[in-house]
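Here the structure comes first, spelled out in structure tokens, and everything after it is commentary.
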Amino acid sequence: MNDTFLKACRGEKTDYTPIWMMRQAGRYLPEYQKVRGNITFLELCKNPELCVEVTLQPIDILNMDAAILFSDILIPMEAMGAPLEFHDGQGPVFREVVRDQAALNRLIVPDADESMPFVMETIRLLRKELKVPLIGFAGAPFTCATYLIEGGSSKVFWETKKMMFTAPELFHGLMDKITRATIGYLQAQARAGAQALQLFDSWAGVLAPCDFEEFALPYVKRIIAALQQFDIPLIYFANNGATLLELSVSSGADVIGLDWRLNIGDAIARVGNKAVQGNLDPFSLLLPEEKLRARIASLLDDAKDAKGHIFNLGHGIHQFTPPEQAKIAVDAVHELSRKR
Ligand code: 1CP
């Protein structure tokens, strides 16, 4: 059993710096494309055997030090009663947007084991196969709320901010319901065998710090508090979160995810006595080998004072990244961090 990732999360000494990559199971891998070939994305998410297969791919092919459950942050939104569609090239679509009290009332707080048995079954199956730790995950409430309110992906988040500023009670009501659903969902993942849990706050960076503090952070804190009983590492990743870093630390998470816009050394000084995860620009995987290795060496060097460092990208791996380039990065992290 390779538990380097868990040790780094806990701030314990490791022989080398562990690495995994956000979105490591996905479209950049031809092996994933092959599995995905004949079925829809949602069919894949609901098929435990196939979820196990694609979760294992980046471990076997790229030698990652942690696995992340194959699923999507929007699966529990569907379990809450919001019909979810995925259209190729367009991303997720919720036709029934949540913009008023009646729509909010229609959402339920589901029993996670009953409504998403395929997720818990995937976790149980994975734990039998894996020789590296398994990370479970959910979207953070603000990020999930944007999809329900906008009806899909967004660039400006007009409807979300309109609700925050003109109907704050409705907004808080939605955040509260998503939070309760997320707590039940992550607790079920931990009971099924997830060994660490990550909250993805992909859109937190569109908020001013004062709004993040008022409208998003309290719900992240509630989730983290409700997971303490499991005694497994909790990772909070606020994408584009440079201005939110101290607030993110106050969430109570054990590990702080860093996007690539931050210098990791500066971030570590601000984070203090906690492990960090990150933060290579996903596009820098396109660099020629020697330059990529040099960049990784300097990132490892900048992170030398961290209480624990889990190497990762600063956001998800891009779908057109050549897998050979990702392998160069994994090998470089393993090799260069051992020498130190
Ligand atoms: O066509 C396909 O095969 C679907 C592509 C795909 C994949 C592989 C989507 C659609 N989701 C996923 C898997 C996924 N999503 C994982 C597990 C795989 C892994 O990490 O190895 C995880 C953790 C997610 C999380 C996720 N989904 C996030 C948070 C992380 C991030 O990248 O910021 C978000 C925002 C989503 C929503 C989502 N899912 C898929 C799309 C196209 C989108 C929209 C993204 C957007 O709005 O820009």
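Cβ coordinates are placed from backbone N, Cα and C, and glycine is handled just like the others.
Curation does not apply to TrEMBL; its annotations are automatic.
Annotated substrate binding site per TrEMBL: Arg23, Gln24, Ala25, Gly26, Arg27, Asp72, Tyr147, Ser202, His315, in sequence order. Here the Cβ of Tyr147 (substrate binding site) has 26 other Cβ atoms within 10 Å, regardless of which shown protein chain they belong to.
The annotation domain 'Uroporphyrinogen decarboxylase (URO-D)' is assigned in TrEMBL to 18-27. Beyond its flanks by at least six residues, the domain 'Uroporphyrinogen decarboxylase (URO-D)' (18-27) meets 4-5, 7-8, 33, 36, 54-55, 57-58, 62, 64-68, 70, 135, 200, 237, 310-313, 315-317, 319, 326, 329-330, 333-334 of its own chain at Cβ-Cβ distances under 8 Å.
Taken from TrEMBL, the feature site 'Transition state stabilizer' covers Asp72. The secondary structure of Asp72 (site 'Transition state stabilizer'), as reduced to three states from DSSP, is coil rather than helix or strand. Using a 10 Å Cβ-Cβ cutoff, Asp72 (site 'Transition state stabilizer') registers 17 neighbours.
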Of these binding-site residues, Arg27, His315, which scores lowest on Cβ atoms within 10 Å?
Arg27
To see if you understand the setup: which same-chain residues, six or more apart in sequence, place their Cβ under 8 Å from that of Ala25 (substrate binding site)?
Tyr32, Val54, Thr55, Gln57, Pro58, Ile68, Phe70
Let me know the DSSP-derived helix, strand or coil state of Tyr147 (substrate binding site), please.
helix
To the nearest whole angstrom, state the Cα distance for the pair Arg23 (substrate binding site) and Asp72 (site 'Transition state stabilizer').
10
